[in-house]
Amino acid sequence: MSAFRFWSGLLMLLGFLCPRSSPCGISTHIEIGHRALEFLHLQDGSINYKELLLRHQDAYQAGSVFPDSFYPSICERGQFHDVSESTHWTPFLNASVHYIRKNYPLPWDEDTEKLVAFLFGITSHMVADVNWHSLGIEQGFLRTMAAIDFHNSYPEAHPAGDFGGDVLSQFEFKFNYLSRHWYVPAEDLLGIYRELYGRIVITKKAIVDCSYLQFLEMYAEMLAISKLYPTYSVKSPFLVEQFQEYFLGGLEDMAFWSTNIYHLTSYMLKNGTSNCNLPENPLFITCGGQQNNTHGSKVQKNGFHKNVTAALTKNIGKHINYTKRGVFFSVDSWTMDSLSFMYKSLERSIREMFIGSSQPLTHVSSPAASYYLSFPYTRLGWAMTSADLNQDGYGDLVVGAPGYSHPGRIHVGRVYLIYGNDLGLPRIDLDLDKEAHGILEGFQPSGRFGSAVAVLDFNVDGVPDLAVGAPSVGSEKLTYTGAVYVYFGSKQGQLSSSPNVTISCQDTYCNLGWTLLAADVNGDSEPDLVIGSPFAPGGGKQKGIVAAFYSGSSYSSREKLNVEAANWMVKGEEDFAWLGYSLHGVNVNNRTLLLAGSPTWKDTSSQGHLFRTRDEKQSPGRVYGYFPPICQSWFTISGDKAMGKLGTSLSSGHVMVNGTRTQVLLVGAPTQDVVSKVSFLTMTLHQGGSTRMYELTPDSQPSLLSTFSGNRRFSRFGGVLHLSDLDNDGLDEIIVAAPLRITDATAGLMGEEDGRVYVFNGKQITVGDVTGKCKSWVTPCPEEKAQYVLISPEAGSRFGSSVITVRSKEKNQVIIAAGRSSLGARLSGVLHIYRLGQD
């Protein structure tokens, strides 16, 4: 009971330490610094900066959070708020470089190495904050989060994002790399501030005490903050879904910009700042003749805390040790054994209560094989497609890993080719870097090559070609224009080693190549290349575009195209509508029906200008159906639930509905709330997720036949959809993923995400609420209705983040991506291979 009281007290304490308007972000900044260091390659003369930072993690981690230390009112009654503000901007970095060069010439002693490591942590914080808060730039993380989830209210999105980012970090990541000691170079900081201000502006006591408060806050976050996941998941689906991957201010992007500022800082430490352009905003610093014409503007961060820490200080004690130039903070352990034991015991009890000690026969928990990578953060399986690439009559697998990095080359991305045979894909575990049949690699810094893939005969020479999306090309220039590369195939079954066709976009933030599709758009029976760019301006902000290039024999082996010259194009209706987030093509009466999802679309047509913001439903979502080359949509399907995001996923096929073979379209609304009943009690499952099934006919708009729903809060049931005939009966099975599903019903208070994928037999589909007609006393019941339930072999792996099937001689194999798996390396991703049914 005492442990429970302490946990409750910690949650209350964090509410005081990080109230509304607080900067916070301690866990987030430490995670960014950790990722930036992973692939840093920075040797300057005799100094290997990666080794230096690894040696002095105590200083590096403390520095990555230090700029926010004087914001809280609990810190000396807030009188040094402006000192924190100044620590976020270029003049502080300039003063630090001058101070180090003047006082500590090479070779550096250990204290100076720690000072440099601390400074590198500060610079990571600087550039991360610019992108996260949209300081002097547009469409950074929090600005977009405000537009999507908070009726465009940045003041509401700001505290939810700052503190919510820490909640999400602690819920999703393991901080086993966290140093038990932090070092703050207090004496040197006094000197740097004197250099910056020309006078004494802060005391050593304030530096030590306020930094120590951050150390305490980190301790509190490690113990309890993850238990607030349900609260912040409800506040912002965007935060949960885009926290790592969002192109401008997501974790991956902030880590990329951290490595950039590290190179600039090392240059200045060696050469001084005379050959550098030093605008106020650190994101736009250039050195050595580089040019950057966009300097942005300085925008104040701001933030306040309330005054409560006594309970926490009493519990962990004050472990502070002074040295000649600095101070060490230490903790015996970042977790309390009693709390850890309590969490695990409760998790086991709840798990047994809800799922029992044995699994139903329909549950499949072990894949036939797993394909992995040995490098972290690769996002293996982010995009997948299947086709007979080598023309041997068997299905092959194409899989993207857009987060793939080398030392010094972060997020260049890769695409892997795995060939099948008469038995299907290899049914042994594979390290794809060593055993894939083919590898293509991106060549642009942080271009995220492999974010989308499609196979088609683009040059109409009779052999398949491969199109690859790299939507973050241009990131180093802050343009994020993106690119699509087409690699021609050959009659020998090999792909070109370099792209034959490059398609570019001129618009800033175009993110060209976010989604790709092969579909016959012009009616010549040859698949064409369809490109979705949901973040593209489209004449506004993130309206999104869908563009098609017709296949033809006129393309040369070194073709340069621009998306503005596409053969067919449509644009989103509203700002932040994200048209093209999902794409799907289906043949209806010998015509291609092209479907485009716009999951963050909202209906503003019936509201006057003055009342649009607060009265509109956020992100009900919409799907557009086109019969190209006509650009006017033939039909639209609109969501009716706020935050439902209808159109996030799309798929089609043929199933038996009440005994009649029917062509159907499935549309996912993975963040739609679901009504659940437990006996006579009714509750709302926030973001449980729903999937609609429509009948497709040649002469009329799609008509709703059935719905499927998830049975856990936040599970995002329907986030990924796929239809494929798994048993050769001429009917497609319906495959529905719930990648964020949590086994227990507390939705994050106990346990982790474990993800599930449901396979519904195509012969047994009924009209109406399929998962609501249950034998048990709990509804919905997707597990009761599914023929198979694939269980994640690893907690927290986002099992079901992508799904595809590959045809072998006898039956299809099901490939499930777990994009956050750490099977091969931390958060690298994995592919699980399943062969369902009796062999």
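The count begins at 1 with the first shown residue.
Cβ from N, Cα, C; glycine included.
Features reported for this protein in Swiss-Prot:
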type	residues	note
CARBOHYD	Asn94	N-linked glycosylation site
CARBOHYD	Asn271	N-linked glycosylation site
CARBOHYD	Asn292	N-linked glycosylation site
CARBOHYD	Asn307	N-linked glycosylation site
CARBOHYD	Asn321	N-linked glycosylation site
CARBOHYD	Asn500	N-linked glycosylation site
CARBOHYD	Asn590	N-linked glycosylation site
CARBOHYD	Asn658	N-linked glycosylation site
REPEAT	365-427	repeat 'FG-GAP 1'
REPEAT	434-496	repeat 'FG-GAP 2'
REPEAT	498-558	repeat 'FG-GAP 3'
REPEAT	562-622	repeat 'FG-GAP 4'
REPEAT	632-692	repeat 'FG-GAP 5'
REPEAT	703-769	repeat 'FG-GAP 6'
REPEAT	787-839	repeat 'FG-GAP 7'
SIGNAL	1-23	signal peptide
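For the recorded site, Asn321 (N-linked glycosylation site), the DSSP three-state label reads strand. The glycosylation sites under consideration are Asn94, Asn321, Asn590, Asn658. Their Cβ neighbour counts within 10 Å are lowest for Asn590. Set side by side, the glycosylation sites Asn271, Asn500 differ in how many other CB atoms lie within 10 angstroms of their CB, and the most is found at Asn500.
Per-stretch counts of Cβ pairs under 8 Å to the repeat 'FG-GAP 1' (365-427) identify 787-839 as the leading one among 562-622, 632-692, 787-839. Scored by C-beta pairs under 8 angstroms, the repeat 'FG-GAP 5' (632-692) has its highest count with 703-769, from the stretches 498-558, 562-622, 703-769. Helix first, then strand, then coil: DSSP counts for the repeat 'FG-GAP 3' (498-558) stand at 0 helix, 21 strand, 40 coil.
Following the DSSP three-state reduction, the secondary structure of Asn590 (N-linked glycosylation site) is coil.
The separation of Asn94 (N-linked glycosylation site) from Asn658 (N-linked glycosylation site), Cα to Cα, is 72 Å. Between the CA atoms of Asn271 (N-linked glycosylation site) and Asn590 (N-linked glycosylation site) there is a gap of 67 Å. Take the Cα of Asn500 (N-linked glycosylation site) and measure to each of the glycosylation sites Asn94, Asn321, Asn590: the nearest one is Asn590. Residue counts for the repeat 'FG-GAP 1' (365-427) under DSSP (helix as H, G, I; strand as E, B; rest coil) come to 0 helix, 24 strand, 39 coil.
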